[in-house]
Each structure stands twice: as structure tokens, then as C-alpha cells.
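Per TrEMBL, the features are as follows:
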DOMAIN    32-335  domain 'Plant heme peroxidase family profile'
DISULFID  CYS42-CYS122  disulfide bond
DISULFID  CYS75-CYS80  disulfide bond
DISULFID  CYS128-CYS331  disulfide bond
BINDING   PRO170  substrate binding site
BINDING   THR202, ASP253, THR256, ASP261  Ca(2+) 2 binding site
DISULFID  CYS208-CYS240  disulfide bond
Amino acid sequence: MRKTMHSSPSMLVLIALCAILIESSGGLAQAKLSPTFYDQSCPFVSHIIREVIADALQTDKRIGASLIRLHFHDCFVQGCDASVLLDNSDTILSEKEALPNNNSLRGFDVVDKMKAWLEFACPGVVSCADILTIAAQESVALSGGPIWRNQLGRRDSRTANRSLANTNLPGPFLPLQGLKSAFTAIGLNNHTDLVALSGAHTFGRAQCGGFIHRLYNFNNTGRPDPTLNPTYLRILRKICPQGGNTTVLANFDPTTPDTFDNDYYSNLLVGKGLLQTDQELFSTPGADTAKIVKKFSANQTAFFESFVVSMLRMGNLKVLTGTAGEIRLNCRKVNGDSSGGADTLLVSSM
């Protein structure tokens, strides 16, 4: 951990200031969620995470969407406790290999880099659960979306739950009622939270395997999903030919694929939702979510405001605080687990 560093001047300044303030602060802040939790113990935590994401975005335009998805998939399984980051070990059956996650979740290496920098700057202070929470917020802000202050002070679980990941995470093939049930089951509402958080699909990509059933044989009819815009259907069939590679990627938003805006909802109005679960929000007959889609399509500010409220609500699900759980030194393994490699991660240059 104490190897020679090579990085940008701004990162080194942040680390130096952070180290000075930690030394004078005398330890951790109060043991409950608060926007000021790290003000004394690691005041530049968000700046460090933001710089790592900004650097990653230079070569990977998808990374912001991938990081927010990690936060979602974490919070939907036993709460926002960074269980999704744990690798297999002698004592852990990783959630990474659950059906909704396997060969799909990504960004773990970027989280590792964030954790390594924070362990260098603020050893043993910032939880992996809070890293995921902050990374989701910074990813949105860096892509043109709203800015908000997170509630912080989460601690990390010492367990994972693959079976719960298989049960709780909503798949891309669900009808609206199944999607609503998945949100209700974890403590989110099945109208505004559902529609607002689905708006994260305004940026990022999805594999053909997640929606190819809509293109050729929807619900075993031998025909495409009738809610698909015909022009959009032709475009998607070129990207995902029948019998082709199901890992090929398509943009969630065909208009502004790397920008966090309200185009996602405007696309739903004209049948250009990529996943079944996207289009179901608007096209299901009698759906109460359709009027929310229309509202967000017409008013980006209303979407941003609701998105922030729903993100904060999701981020508070079943969090560990105080002396519960731990602050992992390595996000991939519980502390003291010798089967998972080094306790801490080396910091690489930016």
C-alpha cells in the first residue's frame, strides 16, 4: 500500500489535505447515516471517487451506467451493504454468479481503484457500501444528471446471498405486475420509485440476450413484441440477428446514449424502450405508471427531482451502521479472510 505514487496533481492535493484533516479529526464521525459523516474523517471522499470515475470515462463511456447498476443490484439484495462486491471464498457464495449478475455486472475493477485510493488517503474509514452509493451519484452528475448529497455512514456486510439475488433482482422479461412486486418486496413503492429509478436506463447498454425475445418470438407467438416501434425493431434486428451473438450491446437510449436526461421517457412514448420492463411502464393497458412516464417526458426537472428522492430512499434500505458489519479493507473479501487474496489493494497510477 505504501508504494511510490504517480498521479494527477489534483489527486495528490486531495490526498494530502485529506490526510491532514484525518490526523486532526480524531477518528470517525457519528455512527448513523448523515450527509456529513465523512466531513472530518475523510472530507474528500467524493472528490476522490469522482476523479476515478472521470478517468475511467475517458476509455469506457459505459462505466457510469455500470456503477449505478452495481448500486441497484447491491441494495436489492439484503440492503445496501456491498454484498454484491464479495468474491467467492471458503465462506462466501458470491452474488456475482447469480443469474441476473453473472457475466453482466461490471465495474468491479473501478471500485477496486476507488477503494485503493481511499485506503491510501483515509485508511479503514470509508465503507465499500458508501463507495457504491457515492459512485452512483457521481456517475449521474458526470453524465449531466442531477447533483445531490448522499446520506453516508453505511458499513459492509460479512455475508452475501446468492439465492436472494436470484429471487429479488427484477429480470428484463417481467411484465409490469412482476416488476411492481419486485419493488414492493424490498420496500420501494411500485409507482414513482419504479418509474424514476427505471430512468437510469437513460444511459448505458444492454446485451442482446436481455431483449432478443422481443424481436422474433415474443411470448412464444412467433412474432415480435407488438409494442416495439417498427423502425426501432428493424434497427435492433440488425444489431441482434436471430441466432447471433447474445452478448452484443445496444444502447438503452438511441438518441443520447451517454447522457443522463429524460429522453428515456420520450422514447417509451414512441415504442422505443429497449427492455420489456422499460416499455411495460408505458404500454401496459391501464398502467398507473404511464402518466408518470408522460410527466417525466414533458418535464426533465420533475424527473430529476423524483430520481433523487427515490435514489435516497433506495440507498437507505436495510443499511448497517454503528458496530454492525465492518469496514472492509478490500471490497472483494471480508476482513481476515485469507482465502481471498491480500487484505488491501495496491494503488495503481491514474
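Placed from the backbone N, Cα and C atoms, the Cβ positions cover glycine too.
Automated prediction, rather than curation, is the source of TrEMBL annotations.
Features recorded in TrEMBL, as mapped to the structure shown.
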residue : record                 : Cβ neighbours (10 Å)
CYS42   : disulfide bond         : 25
CYS75   : disulfide bond         : 29
CYS122  : disulfide bond         : 21
CYS128  : disulfide bond         : 30
PRO170  : substrate binding site : 20
THR202  : Ca(2+) 2 binding site  : 29
CYS208  : disulfide bond         : 18
CYS240  : disulfide bond         : 23
ASP253  : Ca(2+) 2 binding site  : 24
THR256  : Ca(2+) 2 binding site  : 17
Spatial neighbours of CYS208 (disulfide bond) among the recorded positions CYS80, PRO170, THR256 [C-alpha, 10 Å]: none
From recorded positions CYS42, CYS122, CYS128, PRO170, CYS240, the one whose Cα lies nearest ASP253 (Ca(2+) 2 binding site): CYS240
Residues within 8 Å of the THR202, ASP253, THR256, ASP261 Cβ centre (excluding the Ca(2+) 2 site residues themselves): PHE203, PHE252, THR255, PRO257, THR259, PHE260, ASN262, ASP263, TYR264
Minimum Cα separation from CYS80 (disulfide bond), reported as the residue among recorded positions CYS122, CYS128, THR202, THR256, CYS331 that achieves it: CYS128
Inter-residue C-alpha distance, CYS75 (disulfide bond) and ASP261 (Ca(2+) 2 binding site) (nearest angstrom): 23
From recorded positions CYS128, ASP261, CYS331, the one whose Cα lies nearest CYS240 (disulfide bond): ASP261
Fewest other C-beta atoms within 10 angstroms, as judged across CYS80, CYS331, which are the disulfide-bonded residues: CYS331
Alpha-carbon spacing, THR202 (Ca(2+) 2 binding site) to the residue listed as 'substrate binding site', which is rounded to whole Å: 18
Binding-site residues near CYS331 (disulfide bond) (Cα-Cα within 10 Å), from PRO170, THR256, ASP261: none
Close in space, distant in sequence - ASP261 (Ca(2+) 2 binding site), Cβ under 8 Å, 6 or more apart: GLY144, GLY145, THR202, GLN300
Residue pair THR256 (Ca(2+) 2 binding site), PRO170 (substrate binding site) - Cα distance, angstrom, rounded: 25
Whole-number Å value for how far CYS122 (disulfide bond) lies from PRO170 (substrate binding site) (Cα to Cα): 36
Mean of pLDDT values spanning the domain 'Plant heme peroxidase family profile' (32-335): 97
